[in-house]
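Listed in TrEMBL for this protein:
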- 1-20: region 'Disordered' (REGION)
- 30-50: transmembrane segment (TRANSMEM)
- 62-81: transmembrane segment (TRANSMEM)
- 101-117: transmembrane segment (TRANSMEM)
- 137-156: transmembrane segment (TRANSMEM)
- 168-189: transmembrane segment (TRANSMEM)
- 246-268: transmembrane segment (TRANSMEM)
- 280-306: transmembrane segment (TRANSMEM)
- 326-348: transmembrane segment (TRANSMEM)
- 452-471: transmembrane segment (TRANSMEM)
- 483-503: transmembrane segment (TRANSMEM)
Amino acid sequence: MSEELAQGPKESPPAPSAGPREVWKKGGRLLSVLLAVNVLLLASTLISGGAFNKVAVYDTDVFALLTAMMLLATLWILFYLLRTVRCPCAVPYRDAHAGPIWLRGGLVLFGICTLIMDVFKTGYYSSFFECQSAIKILHPIIQAVFVIIQTYFLWVSAKDCVHIHLDLTWCGLMFTLTTNLAIWMAAVVDESVHQSHSYSSSHSNASHARLASDQHAGNPVGGDSCLCSTAVCQIFQQGLFRETYFAGPVLGLLLFVVGLAVFIIYEVQVSGDGSRTRQALVIYYSFNIVCLGLTTLVSLSGSIIYRFDRRAMDHHKNPTRTLDVALLMGAALGQYAISYYSIVAVVAGTPQDLLAGLNLTHALLMIAQHTFQNMFIIESLHRGPPGAEPHSTHPKEPCQDLTFTNLDALHTLPACAPTPGLVSSSSSDQQEAVAIIPASRSQWRRRCLKDISLFLLLCNVILWIMPAFGARPHFSNTVEVDFYGYSLWAAIVNICLPFGIFYRMHAVSSLLEVYVLS
């Protein structure tokens, strides 16, 4: 002891510092983000440059870039799949909250639609391959392979928690995400150019015709040699797609069938003369006003029913639910933007006729429907499973608010004093007499919520089908075009409308989950 005192106090060991592995984890994440940002900027620059005829960027250049990106992303996915199969220790555990079945099912559905579109693109470009670049025929084929492999990868690996090759995995995921964003941007630009060409052809505007001529700039031959004159080419160019009792599903199916009929009538008549176009727009807006009005009232009634629901609110952290709510709120912003632009154009514009009134009512109801439907879905996702009662606000007396319980379940609660309002379930007669009243009310609420969720689901399906398959009243109705100008209004619609289409798809999946929880 004296020797230790003579030596003085010992120095404390230094605090542990972050190891080189932890430091490089942050470096790997930064590297993946920088890779994604630079690749995305390159792709967006090339894609946007190909939309203008004064820039010497052809559509073949864009196709070549997208094809190269899809090939690289496919090679990384194949490497990841082979590595995880050969090395089971690469994925020590899987996240149970990630990759729900409804999300993967929606992914498969959109993958099938993309494959159908790739088949039509391949047939269209192959019908006059003698004057087209080979990359135009190769691009949809590579995209089909990329979609199949990526869909399989996301289906089987959505729950993986990878612990090897972290840097390569981060970079590969970010590059795959960037590739999908680039494909989406190319589709938006292609749709904008196609609409500009259609608009210039119908209005014989020289300036729009010059802008729309960009889509033929990548043609090395040009002229009439690549005109779509054969019957097979016309088919691929124009498509083949134009040719017990519950109240909720029945009414939803009725609106779905009527909506399909309205969509067909709109597509047939909107391309006719002025009177036929006006009639098609009146029919289209009238149906949407009825559908949006009903869904708004039904969503509001569902929120009111929840005021009488005694199920406990689930406040636990759930990453999947948080992502669903964020996607719903974020995707709704696109339709909000279009609606507010339409309201300003109708109110401040000069024509005040029937069509303008229908357009204004449609925009207002679109905002209300998104708002109340989001409120209903978000509150439904935060409700506990059927039979879950709210917890007491006083933790020391957990039994004071109970009116009926099972004594077997009561043993799991902390000790509490006898409550006069507590009814024992030891007697079968008492249990049967007391449980009948709350059971009937619970069944009524549950049945109403199931009807509401199914009705909203079917309405969102038809509201998704119309814009997803080509209904564009934003351009047939010239109020916004005359007020903002075609270029600005086309940019607004082409940027915001994909978010609205995605919102309908995600709302359908969320409402399906609400139906299950109800």
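Glycine too: its Cβ is placed from the backbone N, Cα and C atoms.
Remember, TrEMBL labels are computer predictions, not curated facts.
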Is the transmembrane segment (137-156) in contact with the transmembrane segment (326-348), using at least 3 Cβ pairs under 8 Å (sequence separation of 6 or more) as the test? no
Contact between the transmembrane segment (246-268) and the transmembrane segment (168-189) (3 or more Cβ pairs under 8 Å, separation 6+): no
Check the transmembrane segment (30-50) against the transmembrane segment (101-117) for contact, please; criterion is three or more CB pairs under 8 Å, pairs 6 or more apart in sequence. no
Closest-packing stretch to the transmembrane segment (452-471), where packing means Cβ pairs under 8 Å, from 137-156, 168-189, 280-306, 483-503: 280-306
Among the ranges 62-81, 168-189, 483-503, the one whose Cβ pairs under 8 Å to the transmembrane segment (137-156) are most numerous: 62-81
Mind checking which residues of the chain, 6+ beyond the ends of the transmembrane segment (62-81), have their Cβ under 8 Å from one of its Cβ atoms? 39, 42-43, 46-47, 50, 133, 135-136, 138-139, 142-143, 145-146, 149-150, 153, 156-157, 168-169, 172, 175-176, 178-179, 182-183, 186
Contacting positions for the transmembrane segment (168-189) when only residues 6+ beyond its ends and CB under 8 Å are counted: 28-29, 31-33, 35-36, 39-40, 43-44, 47-48, 50-51, 62, 65-66, 69-70, 72-73, 76-77, 79-80, 143, 146, 150, 162, 494-495, 498
